[in-house]
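Annotated features in TrEMBL:
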DOMAIN    15-61  domain 'RING-type'
TRANSMEM  230-250  transmembrane segment
TRANSMEM  257-276  transmembrane segment
BINDING   S318, K324, E325, D354, K495  UDP-alpha-D-glucose binding site
ACT_SITE  D354  active site
BINDING   K496, D520  Mn(2+) binding site
REGION    632-652  region 'Disordered'
COMPBIAS  632-646  compositional bias 'Basic residues'
ACT_SITE  D769  active site
TRANSMEM  847-867  transmembrane segment
TRANSMEM  879-897  transmembrane segment
TRANSMEM  917-939  transmembrane segment
TRANSMEM  960-986  transmembrane segment
TRANSMEM  998-1017  transmembrane segment
TRANSMEM  1029-1049  transmembrane segment
Amino acid sequence: MAHIKSVQELSGETCQICGDEVEITVDGELFVACNECAFPVCRTCYEYERKEGSQACPQCKTRYKRIKGSPRVEGDEEEYETDDLEHEFDYGNPDAPGFKQKVGVVPSVPAGSTGSATASSSQEFEIPLLTYTAEDAEIHCDQQAIIVPRSMVPEKDIALYGYGSVAWRDRVKEWKRRQNDKLEVINHQQSNDNGDLDISEMDPDLPMMDEGRQPLSRKIPISSSKISPYRLIIILRLVVLGFFFHYRILHPVHNAYGLWMTSVICEIWFAISWILDQFPKWYPVERETYLDRLSLRYERDFEGGKSSELASVDIFVSTVDPMKEPPLITANTVLSILAVDYPVDKVSCYVSDDGAAMLTFEALSETSEFARKWVPFCKKFSIEPRAPEWYFSQKMDYLKNKVHPAFVKERRAMKREYDEFKVQINRLVAMAEKVPEDGWTMQDGTPWPGNNVRDHPGMIQVFLGHDGLPDVEGNELPRLMYVSREKRPGFEHHKKAGAMNSLVRVSAVLSNAPYLLNVDCDHYINNSKALREAMCFMMDPTSGKKVGYVQFPQRFDGIDRHDRYSNRNVVFFDINMKGLDGLQGPIYVGTGCAFRRQALYGCDAPTKKKPPSKTCNCWPKWCCLCCGSRKKNGGKSKKDKKKKTKQRDASKQIHALETIEQRIQEPNIASPAPISQETLEKKFGQSPVFVASTLSEDGGVLKEVSSTSLLKEAIHVISCGYEDKTEWGKEVSRLVSCFWVYCDMFSNDRLNVNMLNQVGWIYGSVTEDILTGFKMHCRGWRSVYCTPKRPAFKGSAPINLSDRLHQVLRWALGSVEIFLSKHCPIWYGYGGGLNWLERLSYINSVVYPWTSIPLIVYCTLPAICLLTGKFIVPEISNYASIVFMALFISIALTGILEMQWGRVGIDDWWRNEQFWVIGGASSHLFALVQGLLKVLAGVSTNFTVTSKGGDDGAFSELYLFKWTSLLIPPTTLLIINIVGVVVGVADAINNGYDSWGPLFGKLFFAFWVIMHLYPFLKGLTGKQERLPTVIVIWSILLASIVTLLWVRINPFVSRDGPVLELCGLNCDD
């Protein structure tokens, strides 16, 4: 049965067919068309559906009953109790009772008055509309706002819906009283001489207010015409896989048993890997936001002088090495943040310099000066994007469509200003290349505190603030702060995760916004409304409370059209992430993500309070079900069970109203017990100001503390020893965890359990992003994938082969670290709020590096088969041919349908498939080895920052070659497969026509490997005409070793020596 809506859900709703408001009938009741599911439909659409349509509710498909005042239609003869002869044939009569009357004010009806009297007397009064403003003095005391529940259906049993009972009436009266206390009525219209409503004098803000009360976003499922065939193909592919393995296992190759066994093991692993990757994409969805509704809800009074009610946002920008992350790129990111379309008093930008570089500090100082000119220019002309480097590099005709002359003049002036700004930044970079022997000094002659990168104090500098310098037009600018945490020898600083946690504490002390946004230094805001897009999910009053973070897709600039190394990751961001959004939400990818601060503090997601269980808490539920519960249920008769089911159905309406009461009264029933200061300090650290800020869910700094004291406290929270003996990035032992869970069984203090959770970004992996998002999902939070039409963020990606492989190596190494830790999703987080399909996705994200071993082995098999003359499959029968063809077709159809609903091009899909083989044969293998060495032998791996800068030439880095050992395994695979193809073809030529048939399968297998490694081959050559010498030497050496082993194991000649036969020629003549 469809969901029965509560009265609160019905009041103020609009018709889901035409969009008009649901009417109030003459009896003072809200019009309800369907008494089964209460699907909101106005009276006009109800009459039309009964007369011209399907005569059934669009939601639950229940046939519409005839309501009093409605004309009879075919099929109403059996409804004897709803006869209404007076309105038997009132088709489309606007004077019919209850026809098209909006929510309004009707006079109070004396006791004993009939409904008809109410209808006739109501025409003599004006009908003011409802709003949330002050009361109008012209409204008489005998008028009241009518907000009533759904009407009773006469032909239904009263006990079935609970109508007529004293409890129901009391609840309705109490609910109406509370609603009347909240809503005030004001007369927004003027009446004409006839006393009718004058539409021209209505307040134009009223429909806007109704629009502002609507949801701020909606979920758009993939159309059934696309997703249903996709799911069907997945099921069919599973069935085909079953037949495939049935054939492969039952038909071994006896003369190549080792090759056959190896290939079957690899294929089983590939099948498991495919299942882990495929099924989390079972429910793909897309989302749409309503920015106009967000403004109407939280900014409708902004122009009248009231401050905006949008929540504050703290934005984090992280950088380490200004030589690898050019300051000009960081400056553009900061400028795009300062110019974002959001209230300036609600935005604070924190730049984390984990390298303590004076170059970054000076560049940020220049950026703050240029921002005073750039920000008002962006907001005046609403330009996009608001990063000047990318705005001025756009190939567009800005004079098109008759642009105002003032814009042309100011744009040219701003372009000159930006060119001068670039000269200043480049001058600083040139100076920084030669470091003085005594280190850098500041303008006052004191040494720069960060001369020693590994040993320096914490530094905070406020460049722009609410009380600082305004822009050139005198307007306020967002905050801009430079932060460099303290570093001392002997302390573990936890790389990027530690830097982000320092920013969390600093921002909590200085601004304490309830929401955070983190971006890399090279990811600028490409859509100035990106923060509003995130707030449509975070600040939605209905579904926003459980949203822990909003993840945006990563889009990139500066990549060549062919995207040789799949830098855009289109398949992951447009297919995999949309699939996860239909479950519990996408994984956190490290940048372009808006967080709820309370979720980062380790709090559990809000859940509905469950009634106390009747079973004991000391045993698992399945134990109680097997023992005690079975005996109790066994004694009940079927009649009792049927009676209980009927009572449960009969009380649904009462439960609906109780839900309303619970929502209103629940905050006042049980408030959490206060937590001691000592407990909070053990979790958050020894800072009273920061601890006090964590207790404020809506954010805000302490007003009684001076700014100087706040800065001193901010320096304190970024010191090296602050996190000692706290829960920042850590987890308590399982013994303590079990103790607290046991105590929670007998306590209502839910915050005690929250003390078990880590705070901030999680330590223990170089990919702290996956681990942090995973722990949030385990605590019950959900995430949202926001994909606006204009990309919210854009960044730069390493486009040459070596940098790309090193980036993939770092990601894979983090996955291996998580797999070998106690946080592995295979065995961690059960009993929490993690969806099981979401768990499969996390398992796949930490298991995929292990696929490198079977992948390399499988890519080597074609060369071995060609060199030995054997194959992994016996002579193929008709049945085997059908199975193999069905498997290939199902794989192709799965990819085609994914490209269809994910709107991914075939080029992007094929590049992704190619780089999966390239990365698996190189970076994933090295990550696996390094991860095992780190865990087993304690050999640590240095964190490599990916280069964000390039030469001035377009795609100049694409052909730049950098030596790395990651290039050796794929090159070796290429050489041995090419050698195998040559040997196989030569052998077929020597042996004649009969040897070509078995050769085709082996050649197809080898060419499959070569085609997947083709981008790698082009990356090795680039613009050069020859391979680097070191690559050639290592690859030839390894290929020679493999070839010699083949000659030793299975040479061309027979093991018994050469076979000598008479040729028929007389050699003596």
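Just so it is clear, glycine is given a Cβ too, placed from its N, Cα and C backbone atoms.
K324 (UDP-alpha-D-glucose binding site) sits 13 Å from D520 (Mn(2+) binding site), taking the C-alpha atoms as the reference points. Of all residue pairs in the UDP-alpha-D-glucose-binding list (S318, K324, E325, D354, K495), the one with the greatest Cα separation is 16 Å apart.
Considering only the recorded positions K496, D520, D769, D354 (UDP-alpha-D-glucose binding site) has K496 as its nearest partner by CA-CA distance.
Looking only at Cα atoms, S318 (UDP-alpha-D-glucose binding site) sits nearest to D520 among the recorded positions K496, D520, D769.
The transmembrane segment (847-867) shares the most Cβ pairs under 8 Å with 998-1017, out of the stretches 230-250, 879-897, 998-1017. Taken as a whole, the domain 'RING-type' (15-61) shows an average pLDDT of 79 in this prediction. Within the same chain, the transmembrane segment (917-939) stays apart from the transmembrane segment (879-897): fewer than three Cβ pairs sit under 8 Å, each pair at least 6 residues apart. Taking the C-alpha atom of D769 (active site) as reference, the shortest distance to any of the binding-site residues E325, K495, K496, D520 belongs to K496. With a threshold of 8 Å between CB atoms, the same-chain residues lying at least 6 positions outside the transmembrane segment (879-897) that come near it are 226, 229-230, 233-234, 236-237, 240-241, 243-244, 247, 251, 278, 873, 909. Within the chain carrying the transmembrane segment (230-250), a Cβ under 8 angstroms from the stretch's Cβ atoms is held by residues 264, 267-268, 271, 278-279, 282, 873, 879-880, 883-884, 886-887, 890-891, 893-894, 897-898, 901, all 6 or more beyond its ends. Around the Cβ of D354 (UDP-alpha-D-glucose binding site), a 10 Å sphere holds 23 further Cβ atoms from the protein chains shown. Taking all protein chains in view, 22 other C-beta atoms sit within 10 angstroms of the C-beta of S318 (UDP-alpha-D-glucose binding site). The Cβ neighbour count for D769 (active site), using a 10 Å radius over every protein chain in view, is 24. A separation of roughly 14 Å, to the nearest angstrom, links the Cα atoms of K495 (UDP-alpha-D-glucose binding site) and D520 (Mn(2+) binding site). For the domain 'RING-type' (15-61), the DSSP counts in helix, strand and coil order read 9 helix, 4 strand, 34 coil. Listed binding-site residues: K324, K495, K496; maximum Cβ neighbour count within 10 Å falls on K496.
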